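Novice: Pasting the relevant annotations from TrEMBL:
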DOMAIN    106-382  domain 'NADH:quinone oxidoreductase/Mrp antiporter transmembrane'
TRANSMEM  7-35  transmembrane segment
TRANSMEM  55-72  transmembrane segment
TRANSMEM  79-101  transmembrane segment
TRANSMEM  107-128  transmembrane segment
TRANSMEM  140-160  transmembrane segment
TRANSMEM  213-232  transmembrane segment
TRANSMEM  244-263  transmembrane segment
TRANSMEM  270-288  transmembrane segment
TRANSMEM  294-315  transmembrane segment
TRANSMEM  327-354  transmembrane segment
TRANSMEM  374-398  transmembrane segment
TRANSMEM  419-436  transmembrane segment
Amino acid sequence: MEMMKLLMGVVLMLFMSNLCLVVSWISLFLVYLILVTKHEEDFFFSSGLMIWDSLSVNMIILTLWIMLMVMLSKSFNLFSLPFESSSLMIKLLTIILVIAFSMSKFLYFYIMFEVTLFPTFVLIVGWGTQPERLQAGNYLLMYTIFFSLPLLISILVLFYSNSSDVMSFANKASDGLFGWSPFFLLAFLVKLPTYSIHLWLPKAHVEAPVEGSMILAGILLKLGGYGMIRVMPLIKVSMNLGKWLLLTWVLVGGVYAGMMCMIQMDIKVLIALSSVAHMALVSGGIFSMNKWGVAGGLLLMLAHGFSASGMFCMNNMMYERLMSRSLFLFKGVSSFTSLFILSWFIVIMSNMAAPPSLNLLSEMMLLISIQAVSLWYMIPLGISIFVSASYSFFLYGITSHGKSSSLCVSFSSLSVKEGLTCFLHLVPIVFMIFILQSNLI
């Protein structure tokens, strides 16, 4: 009953006016920070189909905060009614995500996991601007549905073979799930996504409006990591034999994704591929099957959600002024707006895990957990860190410094709403590392 009251509160908040929504969600985030600083023990609450623990609460707060950033983005009028334009689709997606992160049964989580496809597809196809958005939408549907069908079949087979008890997240590992382990993981690996099954992500980001890109990078990719963390206790016994292969796949894939970033001239594609590289570390931490790896994966999902959303949002601010995403045209922006370039610098540096960002703490935990499996994994990890720093410095340097192009002359200062959006992206990136307690570790 308490969880239903919580969900009803979220629904009511979503259909306030956008101005009230901003105030309410900022207040909610402040309450969350207070609870995090006061909570010394991990907490757990379960009621019927709902589960509420540190993992689900953190993902719900991430969802609400990123949706607040979306509402503050340029496409929305702060004083508009709650049913205008694509805001209704955004709020529908928010409700679906909150429910998905609150499900205690695997089957119901899977249903909500798939339902998120509909509003995401509508956002890309309905509010994208190029004809290629139809192809991007088809890639999203085909990749997700194709790799999710084996998972659905596995769930149904287990359910009808008198193994319905494995449907609960509260259950422990079982030897009987050995043959189904790959099917339990594929649907989540394509959602992260993992390199080699990631082709839908750059296409979706390029064709999606800024709201779609912020939601994709900030929240929807984290559904895959959340699902893997939830399902790993069920298949831990059977995955011990295959974790070496999985770790090699995701870490080498992360290196390749980072190298692809170094040759990109489209900023949106670069940010999208950097997400693939960072999610490889999340997968590696989860597959290491130790406490630090899972905790580091959760923290990196939170940190990357804030930084990637901020990068897409600020890239859109540049796009609206210059009408281009090409790195060849973004030069010397620091000459025109110091506030924007400071925000741009902070989100890029946090994306490469520079101190004092939350990304630094999470990546240190992941490095420790993965190298504990084998010191050989320090080779792809070291290359990945070097490549990440390279393309991050390249992205910042080429956009901020050098001789300004003719297009940048018309680069106007940030509006009050854009400045607030930048600031609210930076607050959790910089300050959460100072307030997180051992209950997340």
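Each Cβ is built from the backbone N, Cα and C atoms, and glycine gets one as well.
Unlike curated entries, TrEMBL annotations are predicted automatically.
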Novice: Tell me if the transmembrane segment (327-354) touches the transmembrane segment (374-398). I count contact as 3 or more CB pairs below 8 A, with pairs 6 or more residues apart.
Specialist: yes
Novice: Going through 244-263, 294-315, 327-354, 419-436 one by one, which has the most CB pairs that fall under 8 Å from the transmembrane segment (55-72)?
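Specialist: The stretch I would name here is 294-315.
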Novice: Report, as numbers and ranges, which residues of the same chain sit near the transmembrane segment (244-263): CB under 8 Å and 6 or more residues beyond its ends.
Specialist: 185, 189, 194-196, 198, 270, 273-274, 276-281, 283-284, 287-288, 370, 373-374, 377, 380-381, 383-384, 387-388, 390-391, 394
Novice: Checking distant contacts: for the transmembrane segment (213-232), what same-chain residues at least six beyond its ends satisfy Cβ-Cβ under 8 A?
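Specialist: Contacts with the transmembrane segment (213-232): 55, 59, 62-63, 66-67, 69-70, 73, 90, 93, 97, 100-101, 106, 109, 113, 116, 120, 123, 169, 184-185, 187-193, 201, 204-205, 239, 268, 271-272, 275, 279, 282-283, 286, 289, 294, 297-298, 301, 304-306, 308-309, 311-313, 316.
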